[in-house]
Amino acid sequence: MELLRGAALLLLLCAAACAQDSCTCTKNKRVTNCRLIDNVCHCNSIGSSVPVNCEILTSKCLLMKAEMANTKSGRREKPKDALQDTDGLYDPECENNGLFKAKQCNGTTCWCVNTAGVRRTDKHDTDLKCNQLVRTTWIIIEMRHAERKTPLNAESLTRYLKDTITSRYMLDGRYISGVVYENPTITIDLKQNSSDKTPGDVDITDVAYYFEKDVKDDSIFLNNKLNMNIDNEELKFDNMMVYYVDEVPPEFSMKSLTAGVIAVIVIVVLAIVAGIIGLVLSRRRKGKYVKAEMKEMNEMHRGLNA
């Protein structure tokens, strides 16, 4: 009997200790096995089990890997009226520090990426060499808000976005190089050179990913949806695009051009050829007219001389 009581007491003590050491990761809902270490919440990122510090933003690579793991297992939380959008989403390989590996592969197809995980080369076989992870130094975020009767107040909008980015995503304000409003388009520029970034600074690629998820109503934060209110009016968005500029130009060949770009090039070339043909035909017609006119004048002269 005493043995049973002792075992029960031990279980209660273990449960109490576990409850005391458990914690909640407010900055990343895609984690598991959360525990307190030196009064700081640490968890394991889903899909990789890499430990993350819940007081800072989780790296984009680990977030993408967790999202893919949730998608495969069917556990991904989907927002209301969600449509499937897999553009740009893949299962990445991450370093132990959470950064993207320079070389990413899907089976036997491989490519090189930047620090944002965006492909910057053509796709090759597994023999591809990616010598370094090229840093993304400039991120351009373009958003188009829903139709409004009146334009937004540009000053209020700029102040709100800068305050939100610095407080919610903990990005130093010096990395926000500009906010431009041209109704209905809002453009945010984030710039961060490797020489400017100091230890402890949040990376602009992580900030852009968190912000993009917030705007698209798929927040990474736990129970902390972003409600964008400008002058006490909720702001809705119809479209959002993110562009990445690296410190080294990308290495795409002509083969990688999209069908749309190729079509535009073909149309331009055809227009030039058509213009040249039209010019040649026009000159030929003009030449024939001049010859006919000269012939008539010569005949008139011969008639007068006769």
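First residue shown is number 1, and so on along the chain.
Cβ atoms are placed via backbone N, Cα and C, with glycine included.
Quick caveat, the model's predicted, so the values are computed rather than measured.
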> Of the residues CYS23, CYS25, CYS34, CYS94, which one does Swiss-Prot pair with CYS61 through a disulfide?
Replying inline: CYS94
> Can you tell me how far the Cα of CYS112 (disulfide bond) sits from the Cα of CYS94 (disulfide bond), in Å?
Replying inline: 13
> Using a 10 Å radius around each Cβ and counting other Cβ atoms from all shown chains, which of the disulfide-bonded residues CYS61, CYS105, CYS110, CYS112 yields the largest count?
Replying inline: CYS61
> Compared by Cα position, which of the recorded positions CYS94, CYS130, ASN193 is the closest one to CYS110 (disulfide bond)?
Replying inline: CYS130
> Do you know which of the disulfide-bonded residues CYS94, CYS130 has the most other C-beta atoms within 10 angstroms of its C-beta?
Replying inline: CYS94
> Rounded to an integer, what is the Cα-Cα distance in Å between CYS105 (disulfide bond) and ASN193 (N-linked glycosylation site)?
Replying inline: 27
> How big is the gap, in Å, between the Cα of CYS94 (disulfide bond) and that of ASN106 (N-linked glycosylation site), rounded to a whole number?
Replying inline: 14
